[in-house]
């Protein structure tokens, strides 16, 4: 039947056709949409590293490539990818995926590549890939898969690459790989596989890469087929080894003969146990009975998968489980009790317990839980017991327990909870017991409801108490009255020793500022703190992170930045960063600036910056980067500014900057570019691109040096022959001596003596066997991901307690066939993941008990081929290996004789007996010096390299000092020579020959004339040990060096101590400096070439001259001009201020209280005494009044301002509040009070504004209090004075009588900066009464530990201490030595912490001042002029003189001298005391001078020093100090 058009439709389309059009339009719109946080380019959707917790919605239907890696996705639901029929590549690696629902990939029929590696998958659902016929590459490595089911890969018939390595696979079902006939790559290494069904790999003719090593293969009859299969394929399956039985352990499977694959019992008829995957099974390490699965204390780090579905109780306490993944217990619907106590759990998935309708007991105490996710207990309607005590929970959401209507006991004891939202326990209708103690509760107004709840429901049995505020500290919450729970800005709620969390009802918490750092707003300042790594806990609200000027060397990929979604800027400049791990900045998508200036980076690769998708500025200045390749900046498409200034860059690969699509500024200056053919592209690229570069220049070759790259013609970029292919490729992360495959590094049989450089930091398996190591390389501890280390067949003779530190992930350690004799007790400390340890083939005789205390996961110990001494000291090892059969039955005893040849595993422990001490040879292995190996009184020392070392006495050598060195017994030295035996390897001798003989045995007469000294024609005649000179007639002396008689005393013509020298021509005079002439008789004129300056006169002296300076000049050459005129001359600083010359500018340093350019104004006053005041008399009639002043006091009451009489305005402090009384002429008068109190000792600003009939009062800029009066408007009365701080008695009485003031007390404290109508008032223009002193000492200089600071005392601020405290700073308990003292008529004076003495009043004496009658004062008549009187029993009253004085009455001043001083130099600037940052040395001139002279500095030294002041400022200034004192005319 034909379809008729719908009424109103002009197009004539039927309803189905309209729906089709609408669907097509919607599909077209959906194809172009892009999910939030993702970027879409063509058919690629990139959502990696955005912090997603679930698959985003609205993915375009035409997507072909989807990047979801590096997020926090926990589960893949069936419909997450529905409709993505064109998807070819799906990246899901590096998430938290714990489960994938069957059918999730059914719509993706074009899917070719799927990566699910590095997740938390435990179970692989069957038929998961049944509709993915195009799938060619599947990566499931680095998960927690425990089995491969038969139908796991059914449907994926085109699969070529399958990676299953690094899981926990222990079972492979028969036929699991049967359909994969096109498979080329299969990895099953690093699992727990013990056996494999027959012919599992026979259907893979194209297989070229196959890995099965690092498993637990048990080579019995069921695995015989694998040996033949591997032999037929010698290039694959390398290093596949047997782990059992003991006789085959360590052998390559391909090398084991068929006859050696044997089975016990029925032999080959025995069947391989099938994988029970459907209904679950009891985990191997647990025990199961009657529905209870017991896995207590088994060293588990994760919850076992594939548990029995029928279990009703699971016990997992006392393990190392760190998290509860999504849906961990959901399949086990019959569970009634779960015990996860005493683990390391820090995270719980919201749906971890989903669907457990029968659960009545959940035990989670003793973990590290900080947060309970929303809905984590949802649906647990039958739960009766919930134990959450002994965790680190800091916040509970109000709806956390909304479904627990049947809960009877809830324990939140011993957590970090500071507050609970009202209604948290409302849904707990059946609650009978509640534990809340040992939490740092803040008992403010927000917790009032809890007190009411506990009084109404007395179910809290642990005595929960308040931690703050101080007034309620340690009081039980249920016993505090409701009105005590109040919120006050004055009270501090931070609890020392706890983390300060800022929480709301939704538990969106932010941690406090990192230790030692400063946080202001959203900026975290951690610069200059010598940090070696980035702090682990940073507030999530941080927008700028400053880490510059520290000592950070490696940036580790810890996932820190995934939590900092608001971060915009990171500053890591001026550190020591040499390595950035790939993925370090994963999740930092909002960061726009990254500063890495002045570090030690040598290369950059894209993985370093992965996650910085929003980066716009990248600063890499001042590093050591030598080369930029085309993968260096991949992914940084938004970078606009890139600075590579001042690096070591010589070349850049073509296309290196092509991915930087937004680049506008590129700084390449100060780099040594080698402008050869490799760089030709860059010159052309710079000319074509419109970006700012600063014109980088060539450094090489010489003919292009300093020429800008863009100015070099293309033909001039030339290469030498053979260099055309040399490019800038990233260095391979593998040493030259080794072979690397993924994270496996093999350096076997390379004669290595030290660890090669360049081993990748992420190495997991390191093979160093067959080398020449004598010690375990110390650098191994830097590779924290190591899982296997093979050091077998080396020459290692000893281990230390730190040989294997930081190797917490190590599972296999092979030390076989070395020279180990002794194992230190802590050698394996911290190796909690170690499962296989091989010490086979060493020289170990004993092991100390407890050596394996930390290796709790150890299941295989190889200790055979060692001479074990099986006495009582090794009994523990026998018992230990029998538990779990950790030793395969190879190790045998070598002694004592009755135990020789017996197996360690099967010999009863009681047979290990001590009949006496072990032999010396056994004991000496751990203490080799016990056997006294050093002979001839040599000294023995234990040595980690040589086992022991002998220090030999003189005359012996050799390892044990056994070789004598007496080579002189045959008297080989002739002619009286002395023989000396040599020490050392040659054991020779030397002869000390007498004078005149030489040679090895002193047999040759020495020709002494070879180096004779005869001169002037003298002839040498040889003797024995000497020679003589035969001189001509005119010479004499031993060497004929003297002329006869020419310079005798009678004939010597030389004057002025000149030296006479005889010559054949006659005597010659050699003058002393300063004289000249033939006879040295003339004084030389030294002023001939003098250098005196500034018109100075030269004065000739002997061999020198002096400069006589003109007036005003000084210096050795009169080079120092007169000192410039002091700028303070003519400057008059008032009120006792000093003038200081600062940079040729006079500055007045005011005394406390004064201000102004010349300190002419008194701005602050201190009301010290009672009944004092200031009086302003010259006031003006102002129609409006605006009065502002700053006040500091600790008093409750006091008058601040008063003006007028009948028409008045009064400002007073009343009970800590500011009260303003105002009467414009109407009655009654009006008054307002401030909401704030200001009597806390701190300065507060009081502002009073009157306008017409209105008065505004504001404290510290806060919200004003307003008062309106309908009388006439008020004006400041010029006829009546303005009183400040008090008023006269008559005025006070009148005002009090008229209720204008409520308390007549005068003000006691500080007032400063009084403004009247914006004019700063000068207190010197007032009538100041006694008791008012200038200046205010602010409380910021005084710290009162247990009290309140008050800045109103005459000497300065004082502390008002709390009860029980005393001392200047309220820091001394009152129960000091003077507490309860016995002084009757006197004052107690503490001598130390325990003792005191009594200082008696006049008229009393005695130790306790209890004797009447004053003791005669011995010093009464003695007047010491420069010192003080002192009385003693031996000398009576005498004077003790001050330094520089002497005499009986200290009346004689000592001679002028300089007393050395080393101290800080101090000056005062205003209120601040400033001192130098370091001490300096000078002399203090003291003493008297004869005549009219003065003792003063003769030599002065000027230096420029840095000062730091008490107010936080600093400055630099020249200081002149004397270094030498003496008498000189008085200045």
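For all residues, glycine too, the Cβ spot is worked out from N, Cα and C.
What Swiss-Prot annotates here:
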type: DISULFID; residues: 443-466; note: disulfide bond
type: DISULFID; residues: 445-487; note: disulfide bond
type: DISULFID; residues: 517-526; note: disulfide bond
type: DISULFID; residues: 675-698; note: disulfide bond
type: DISULFID; residues: 929-940; note: disulfide bond
type: DISULFID; residues: 993-1002; note: disulfide bond
type: DISULFID; residues: 1054-1069; note: disulfide bond
type: DISULFID; residues: 1071-1080; note: disulfide bond
type: DISULFID; residues: 1092-1107; note: disulfide bond
type: DISULFID; residues: 1310-1336; note: disulfide bond
type: DISULFID; residues: 1400-1409; note: disulfide bond
type: DISULFID; residues: 1424-1439; note: disulfide bond
type: DOMAIN; residues: 215-265; note: domain 'LRRCT 1'
type: DOMAIN; residues: 273-309; note: domain 'LRRNT 2'
type: DOMAIN; residues: 439-489; note: domain 'LRRCT 2'
type: DOMAIN; residues: 671-721; note: domain 'LRRCT 3'
type: DOMAIN; residues: 725-761; note: domain 'LRRNT 4'
type: DOMAIN; residues: 866-916; note: domain 'LRRCT 4'
type: DOMAIN; residues: 964-1003; note: domain 'EGF-like 2'
type: DOMAIN; residues: 1043-1081; note: domain 'EGF-like 4'
type: DOMAIN; residues: 1163-1336; note: domain 'Laminin G-like'
type: DOMAIN; residues: 1337-1371; note: domain 'EGF-like 7'
type: DOMAIN; residues: 1374-1410; note: domain 'EGF-like 8'
type: DOMAIN; residues: 1415-1451; note: domain 'EGF-like 9'
type: REPEAT; residues: 134-155; note: repeat 'LRR 4'
type: REPEAT; residues: 406-427; note: repeat 'LRR 11'
type: SIGNAL; residues: 1-33; note: signal peptide
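Checked against residue 940 (disulfide bond), the disulfide-bonded residues 443, 698, 1054, 1439 differ in C-alpha distance, with 698 being the nearest.
Fewest other C-beta atoms within 10 angstroms, among the disulfide-bonded residues 517, 1002, 1054, 1400, are seen around 517. Geometry remark: residue 1336 (disulfide bond) versus residue 487 (disulfide bond), CA distance 33 Å. Residue 1439 (disulfide bond) is 54 Å away from residue 1092 (disulfide bond) when you measure Cα to Cα. Across the fold, the C-alpha of residue 526 (disulfide bond) and the C-alpha of residue 929 (disulfide bond) stand 52 Å from each other.
Here the repeat 'LRR 4' (134-155) has Cβ contacts under 8 Å with residues 88, 93, 109-124, 126-128, 161-177, 179-180, 187, 275, 277, 302, 304-306 of the same chain, all six or more residues outside its ends. Residues of the same chain lying 6 or more positions beyond the ends of the domain 'EGF-like 4' (1043-1081) and with a Cβ under 8 Å from any Cβ of it are 1034-1036, 1102-1104. Between the CA atoms of residue 1400 (disulfide bond) and residue 1439 (disulfide bond) there is a gap of 23 Å, rounded to the nearest whole number.
In the three-state DSSP assignment, the secondary structure recorded for residue 1310 (disulfide bond) is strand. When the C-alpha distances from residue 1054 (disulfide bond) to the disulfide-bonded residues 517, 1071, 1107, 1439 are tabulated, the minimum falls on 1071.
Sequence-distant contacts of residue 929 (disulfide bond), defined by Cβ-Cβ distance under 8 angstroms and a gap of at least six in the same chain, are 940, 941, 942, 948. Within the set of disulfide-bonded residues (698, 1310, 1409), the lowest number of other Cβ atoms found within 10 Å of a Cβ is recorded at 1409. Here residue 1439 (disulfide bond) comes close to 1422, 1424, 1427, 1428, 1429, 1430, 1447, 1448, 1449, 1450: these same-chain residues lie at least six apart in sequence, with C-beta atoms under 8 angstroms from its C-beta. Counting in whole angstrom, residue 487 (disulfide bond) lies 29 from residue 517 (disulfide bond) by their C-alpha atoms. Residue 1071 (disulfide bond) and residue 993 (disulfide bond) have their C-alpha atoms 46 Å apart, to the nearest angstrom. Cα-Cα distances to residue 1069 (disulfide bond) place 1080 within 10 Å, out of the disulfide-bonded residues 466, 993, 1002, 1080, 1409. Neighbour density for residue 487 (disulfide bond): within 10 A of its CB lie 12 other CB atoms from the protein chains shown. Taking Cα separation as the measure, residue 466 (disulfide bond) is nearest to 445 of the disulfide-bonded residues 445, 1080, 1310, 1409. Secondary structure at residue 1071 (disulfide bond), taken from DSSP and collapsed to helix, strand or coil, is coil.
When the C-alpha distances from residue 1310 (disulfide bond) to the disulfide-bonded residues 675, 698, 993 are tabulated, the minimum falls on 698.
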